[in-house]
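Chemist: The annotation Mg(2+) 1 binding site is assigned in Swiss-Prot to Asp91, Glu111. Among the features that Swiss-Prot reports, Mg(2+) 2 binding site is placed at Asp91. If you look up Swiss-Prot, you'll see Asp91, Glu111, Lys113 marked as active site.
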Amino acid sequence: MSNKKQSNRLTEQHKLSQGVIGIFGDYAKAHDLAVGEVSKLVKKALSNEYPQLSFRYRDSIKKTEINEALKKIDPDLGGTLFVSNSSIKPDGGIVEVKDDYGEWRVVLVAEAKHQGKDIINIRNGLLVGKRGDQDLMAAGNAIERSHKNISEIANFMLSESHFPYVLFLEGSNFLTENISITRPDGRVVNLEYNSGILNRLDRLTAANYGMPINSNLCINKFVNHKDKSIMLQAASIYTQGDGREWDSKIMFEIMFDISTTSLRVLGRDLFEQLTSK
């Protein structure tokens, strides 16, 4: 479904206090920040906003940790490991908070992926394809690698009631609206969001069970079916819609929103620290 309003509403949904935005400061304004750097700024903002709590940032989680978390739920889980030092490394890293019992709990996991250079190629007048006579390049499947990290974090957080995994998408393979790009020779090329050649969003919506994109889905959803109650861990998937690059300030606001949602879910396990003088 084409939804230009989804892109426009991003700047309206995430209004933060001047104090939190101030964390961004001159440094952020002067740099094109990678998602990992934004995660570190979110961690700093959380520390300022909640001085009673301890936060940490790390760039990877070992597979042994994931298996240990699974074993705590059921001894039949987490028993297979072939490479002892294997780990996962989301490009935005992981932000955690220490709870009242001294355990580190995940409040944010972030990734940013770019796929599809059609907009840049058209603006530069480049033609693609085997014979160099096409405006559009058939989309690849590299983005599907994101499913691995999402699945691993879901395993790591299987005992939690929240899933703060956010995936930022940009590039011509993630359009949610039709756009027109002008070549240097003046010819206009139309990119249609529902083109099977271009769009790869449907390759990722399995990670959020087909729920809305550009939405904070951090709180796990419980659904009832017959005699079963099923917990859904949905990734929060954000796309610009028109293929452009993400503004790091908007990324910061979305990531801070998801982090504070995590803290609300974890509230009873943070109560002692939050109420201590």
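Yeah, the Cβs are placed from backbone N, Cα and C, and that goes for glycine too.
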Chemist: Using a 10 Å radius around each Cβ and all protein chains in view, which of these binding-site residues has the most neighbours: Asp91, Glu111?
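Modeler: Within the set of binding-site residues, the most crowded position is Glu111.
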Chemist: Just how many other Cβ atoms lie inside 10 Å of the Cβ on Lys113 (active site)?
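Modeler: Its Cβ shell of radius 10 Å holds 19 other Cβ atoms.
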Chemist: Report, in whole Å, the straight Cα-to-Cα distance of Lys113 (active site) from Asp91 (Mg(2+) 1 binding site).
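Modeler: Per the Cα atoms, Asp91 (Mg(2+) 1 binding site) and Lys113 (active site) stand 9 Å apart.
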